[in-house]
Amino acid sequence: MARYIFITGGVVSSLGKGLASAALGALLQARGYTVRLRKLDPYLNIDPGTMSPYQHGEVFVTDDGAETDLDLGHYERFTGRPALRDDNITTGRIYQEIIAKERRGDYLGATVQVIPHVTNAIKDFVLSGTDGVDFVLVEIGGTVGDIEGLPFFEAIRQLGNDLPRSHAIYIHLTLLPFIPSAGELKTKPTQHSVKELRSIGIQPHILLCRTDRTIPREERRKLGLFCNVRESAVIEARDVQSIYDVPRAYHAAGLDQEVLAAFGIEPAPKPDMSRWNAVMERVHNPEGEVTIAIVGKYTGLKDAYKSLIEALAHGGMANRINVRIDWIESEVFESDDPAVYLDHVHGILVPGGFGQRGAEGKILAARFARERKVPYFGICFGMQMAVIEAARSLAGVKDANSTEFGPTKEPVVGLMTEWMRGNELQIRAAESDLGGTMRLGAYRASLAPHSKIAAIYGATEISERHRHRYEVNTAYRERLAENGVIFAGLSPDGLLPETIELLDHPWFIGVQFHPELKSRPFEPHPLFASFIAAALEQSRLV
């Protein structure tokens, strides 16, 4: 039977519960255990698919087409285990399912209440699909004391009693702020956070304390005494240079050993940290550096591009170099010369996005890369803008545009209305709801045998994750090909363009999918490894 680890947070948000969960999962894997990680999100949205990136950050898409929290990206990157739709749930989705049951009469006339109906739905979610797994790590979003989170805290409290003894523990992540004027770390915020947690019936077994310095022995003793935990269970979570050093740091602090002790697992299997050591050797000893410009529209919040940032770092690891990112708001190119911002960079990446704002700036970035022979990587919207630029500048389609921006005489990019999901035909229309109506999840693509992208993958059949509502119009395929822009990848039925590449260019590739979602520190995605290698070559020319 699986053992359950519940990770909660206190004092302030954004302390890194997702990263802590992922790191602990990786440490348990290093000891030979199997893990599954899940995230409970207290907000009322069904999923983050329609939320602003500035509100929520990145939407992480799973193979089975779920739009989920960005923490699931951490889970995948650290453990290598693909996340699924059933690894993330929100209050909105729970309420939606409960109300649907009530309308069907499933509750047989009972009064539907938070306890037991909502809490039971949460418990059912946590316990489902865990056969054959040694540990299930469950992260609860938000901080203790949030009104939205109360049903989730009540549910995990009940689970602590429902499960057999020594099958559930609670880890509480808190902040130990350093007060310069006093010259010391303060434990009172953590004490109050634990007091709040205990008031709803949860006694943490382990405290994971975020800090930028060593926790003195006296402060550990104080936290153990007033928070009712063992002194050895007060774990120091120091800031580190790279997120990929977190597993090693937490192991050195004794987190995984304390978790196994809390479950009564002794003697504990010794961990194999060799692959984490190998990753960090590459991070700490780069043999060069390249600068990549990310030309986007959500550059004010880096979490909007979390998987992209990590995939570029993985590409750097593959080439043993450091990747420096220049963040550029695409709108500036609509009034300023792109050369001022791009002359010094070694590669240009235009990521996914939605809407007309900043689109012309992305088109200008693609033009700069094409004309100056700078490596260009267009992802999703970035591929579409590159095709529009090529249609206008190379194929003579002066009015080329996307129907996403309004009616156009030359719809080089248009709304997808039909596509196949396995054996099922998916149909969408302009008036469809925004939520859950995109082409989502993993789809296969066929690559042209002698194309650059097929050489990069070392294969002609691939599967990648998608999240888009618009597509490049195949009616323009021949005109573009005549001018050196080829559709190197198509859906298996040949109807949907998946990749484009420019023939007369050292590295100019656009993809309709999101390869960043499948990159891992131990297995850098081949497209990012190749893109960074091309940028390295460019750095020797500049």
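Glycine residues also receive a Cβ, built from the backbone N, Cα and C atoms like all the rest.
The UTP binding site feature in Swiss-Prot is assigned to Ser13, Lys186, Thr187, Lys188, Pro189, Thr190, Gln191, Lys222; the stated evidence is sequence analysis. Sequence-distant neighbours of Thr187 (UTP binding site) (same chain, 6+ residues apart, CB-CB distance under 8 A): Leu176, Glu219, Lys222, Leu223, Phe226.
The secondary structure of Lys188 (UTP binding site), as reduced to three states from DSSP, is helical. Taken from Swiss-Prot, the feature CTP binding site covers Ser13, Asp146, Ile147, Glu148, Lys186, Thr187, Lys188, Pro189, Thr190, Gln191, Lys222.
Sequence-distant contacts (6 or more apart, same chain, Cβ under 8 Å) of Asp239 (ATP binding site) comprise Arg210, Thr211, Asp212. The ATP binding site annotation in Swiss-Prot covers Ser14, Leu15, Gly16, Lys17, Gly18, Leu19, Asp71, Arg238, Asp239, Val240 and is backed by sequence analysis.
Summarising the annotation, Swiss-Prot assigns L-glutamine binding site to Tyr54, Gly353, Phe381, Gly382, Met383, Gln384, Glu404, Arg469. Gly353 (L-glutamine binding site) falls outside any helix or strand according to DSSP and counts as coil. Cβ neighbours within 10 Å of Gly353 (L-glutamine binding site), excluding its own Cβ and spanning all shown chains: 22.
Around Glu139 (Mg(2+) binding site), the same-chain residues six or more apart in sequence whose CB sits under 8 Å from its CB are Ile7, Lys17, Gly18, Ser21, Leu37, Arg38, Lys39, Leu40, Asp71, listed in sequence order. Residues annotated as Mg(2+) binding site in Swiss-Prot, with sequence analysis given as evidence: Asp71, Glu139.
Under the heading domain 'Glutamine amidotransferase type-1', Swiss-Prot lists 291-541, citing sequence analysis as support.
For Cys380, the entry in Swiss-Prot reads active site, nucleophile. Note on Cys380 (active site, nucleophile): other Cβ atoms within 10 Å of its Cβ, all shown chains, come to 21.
Long-range C-beta contacts of His514 (active site), restricted to its own chain and to partners at least six residues apart, with a cutoff below 8 Å, comprise Val61, Ser307, Gly352, Ile379, Cys380, Glu464, Arg465, His466, Arg467. The active site annotation in Swiss-Prot covers His514 (among others).
Positions annotated as active site by Swiss-Prot: Glu516 (among others). Within its own chain, Glu516 (active site) has Ser307, Leu308, Glu310, Ala311, Ile379, His525, Phe528 as residues 6 or more apart in sequence whose C-beta sits under 8 angstroms from its own.
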When distances run from the Cα of Gly353 (L-glutamine binding site) to each of the binding-site residues Ser13, Ile147, Pro189, Gln191, the nearest one: Ser13
Greatest C-beta neighbour count within 10 angstroms, which of the binding-site residues Ser13, Ser14, Gln191, Gln384: Gln384
Rounded distance in angstrom between the Cα atoms of Lys188 (UTP binding site) and Ser14 (ATP binding site): 19
In the chain carrying Gly382 (L-glutamine binding site), residues 6 or more apart in sequence that have Cβ under 8 angstroms from it: Leu349, Val350, Pro351, Gly352, Gly353, Lys362, Ala366, Gly510
Sparsest Cβ surroundings (other CB atoms within 10 Å) among the binding-site residues Gly18, Pro189: Pro189
In the chain carrying Ile147 (CTP binding site), residues 6 or more apart in sequence that have Cβ under 8 angstroms from it: none
Among Asp71, Glu404, which are binding-site residues, the residue with the most C-beta atoms within 10 angstroms of its C-beta: Asp71
